[in-house]
Amino acid sequence: MPSEVTPKVPERPSRRKTSELFPLSGSESGDIKANSEPPTPAGTPNVPTRRPILKAKTMTSFESGMDQESLPKVPLQRPVRRSTTEELNNVMNNTSKELEEIESLISKHNIHSVSRKKSPTSVQEGKAAAIHQNGQRSASDNKTSTNPSPLEKNEHKGDEGNESAISPSNSVNKSNNEVTEHSDSEDLTEKQKVHAALDNEAGDGSHFEEKLIPGDMKVPVDVSKDVEEGSLNALPPSGITESDDKAEKFTKHPESSLEELQKHQEQQEEKIFQNPTDEESTTSLNEKQEGKDNMEVNSQPQGPSDTETVIAATSSNVPSQIASEEENDVPVIPRSRPKKDFEAHVQKEELPNTQEKLVSEECDSTLISTEEESKIPKIPSERPKRRAPPPVPKKPSSRIAAFQEMLQKQQQQDLHNNGNSSATTASADIAKKHTDSSITSDTTKADFTSKLNGLFALPGMVNPGQLPPSLEKKLSSPDTESKLGTQDQSQAKTGPLGGTRRGRGPRGRKLPSKVASVEKIEEDDNTNKIEIFNNWNVSSSFSKEKILMDTTPGEQAERALDEKSKSIPEEQREQSPNKMEAALCPFELDEQEKLPANAESDPLSQLPQTNAVGNRKAISEESLSPSEAIANRDQNDTTEIQEQQMEDQMEVDMERELSGGYEDVDSALHSEEASFHSL
């Protein structure tokens, strides 16, 4: 791509400098300036020539409604994620050891705790142990924590509610490490606290609900939050409300709470089982059960939680604060017993990886054991049972049994007949050669063989007495075939033509008279009638113009005479035949005179005239049908002769026209005019 097409990305505009909420010293302000971004110039920023591809997703001042709002600093490095499985295993091991020690202590001091009374020394010892423990925790926090930058202090002062959400992974890891490091140091203090709690319980039975847990057994403190903030030089302002305390309590790590809840529950159960007289006091616990959130908030209204968080955060001012807050450092025991469902829920959230590992290991072990067991052959404890005998077939029905008996009888009869015929022929020959004893033995053998041959039928075998129908037809004589044909015909005649079926009309009603009066027609197949009729007739009718154009004047005269003869009745023909002939003769003479001399010399021209007259009379006498005319034509040659004469006459006329038989042109024209007028 050319350089002109590629877009130029403008530089990102620098942010404005945020205002400081609190003034800082010179050293701190120098560090902040070194770490902060370079300040923007006093003049207006340069507007980019082109629009950037993606718009910066930052909150503007008018959207938030605050012009001077401190923004949290994004860490330069991403926090390293640590595996929680090892830490959880360490926590579980430490808690199991602590529980064993507590159980041993409770079993030793259980008998003496009932007779003891509450003393001021025990209370003072518990307070001193709690103060000593807080001091140890603050010292360890100072060792492990790093000095934060001044910018982080400002962020903490500006927005305390969002601190718990900035780096939750670091806080979780640090809290886990602190629990594992201080587990040994807390063992001694816990023993003292248990003694104090037992003394308090024995001294006053009415306050069992309030003093059931020792001094240190309370809702855990969010130490990780204070570690992130670092060691502050001054305490937070006194305007912190109860809502801040509640928010801190909800962000506390669940592992420490789980440990203390387990301890509290086990101690409470052991005390109840060992002291049955105190069961009446525990009835009020079930009545006062509340939700998880209310339990955590109401358990410590303004007690040691606030003091402990402040002491853990400020290591330099610990001794001065302890002296002023010794009176409020008395531990507070929650009034309601925690729910078991909550414990199970927390435990499931805390230990998901360990449970998955245990389940996977159990599955692997079960698979390995099943594979090993499958390889080892097993000896059956019981001997396999024998198969039951096949079921007995049911008896056939009466009809099937009767049919089988009939077939067996027929087969036996056929075999017996065949065996007798073969045995008679064999016995006649053997009688001449052997004695009666030999004859009887031979007959028995022949009977036996004949029976065997008949019993086993092979494909293609036929009984000798019965032939297939195809062979019988071939071998039978023509006389027998004719007899069979006549028998079949007689059976066909005698049998009905077709089965008469009753109509599907309504039953119980009479048919109408028209249908009932109809007679059935019965046809006789023996009689045959022949009828002959004419399917078609030929009639030719030509127009007069075509006839005059095609025929000669002589033929025209003949046709005119035929028409006249038809118009004259037959009686007149019989009376005056001579007159008709006389009338015809002068007409013919006139025609002959008109003809030229060449035509007179031709003898063929006279033949058609004479023959035509004779034939005309014959045709006029009878009007024959086309079939009769065709038959007469085939028998007589008169029609062929007439056709030949007509052809000859046509040739003569053509030659005369072509040769110019007319002497003058005028005669030819007059002849044409005469023919035209005649048309």
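Cβ from N, Cα, C; glycine included.
Quick look at what Swiss-Prot lists:
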- 9-19: compositional bias 'Basic and acidic residues' (COMPBIAS)
- 86-95: compositional bias 'Polar residues' (COMPBIAS)
- 109-119: compositional bias 'Basic residues' (COMPBIAS)
- 133-149: compositional bias 'Polar residues' (COMPBIAS)
- 164-178: compositional bias 'Polar residues' (COMPBIAS)
- 179-213: compositional bias 'Basic and acidic residues' (COMPBIAS)
- 243-272: compositional bias 'Basic and acidic residues' (COMPBIAS)
- 372-383: compositional bias 'Basic and acidic residues' (COMPBIAS)
- 414-427: compositional bias 'Polar residues' (COMPBIAS)
- 471-482: compositional bias 'Basic and acidic residues' (COMPBIAS)
- 483-492: compositional bias 'Polar residues' (COMPBIAS)
- 603-613: compositional bias 'Polar residues' (COMPBIAS)
- Thr18: phosphothreonine (MOD_RES)
- Ser36: phosphoserine (MOD_RES)
- Thr58: phosphothreonine (MOD_RES)
- Ser70: phosphoserine (MOD_RES)
- Thr85: phosphothreonine (MOD_RES)
- Ser104: phosphoserine (MOD_RES)
- Ser183: phosphoserine (MOD_RES)
- Ser206: phosphoserine (MOD_RES)
- Ser231: phosphoserine (MOD_RES)
- Thr277: phosphothreonine (MOD_RES)
- Ser284: phosphoserine (MOD_RES)
- Ser324: phosphoserine (MOD_RES)
- Thr552: phosphothreonine (MOD_RES)
- Ser620: phosphoserine (MOD_RES)
- Ser623: phosphoserine (MOD_RES)
- Ser667: phosphoserine (MOD_RES)
- Ser678: phosphoserine (MOD_RES)
- 1-95: region 'Disordered' (REGION)
- 107-522: region 'Disordered' (REGION)
- 383-396: region 'Interaction with SH3 domain of ABP1' (REGION)
- 548-679: region 'Disordered' (REGION)
Intrachain C-beta neighbours of Ser104 (phosphoserine), sequence separation six or more, cut-off 8 angstroms: none
Confidence summary (mean pLDDT) of the region 'Interaction with SH3 domain of ABP1' (383-396): 80
Three-state composition of the compositional bias 'Polar residues' (86-95), taking helix and strand from DSSP: 10 helix, 0 strand, 0 coil
For the region 'Interaction with SH3 domain of ABP1' (383-396), residues assigned helix / strand / coil by DSSP: 0 helix, 0 strand, 14 coil
Ser104 (phosphoserine): secondary structure state under DSSP, collapsed to three categories: helix
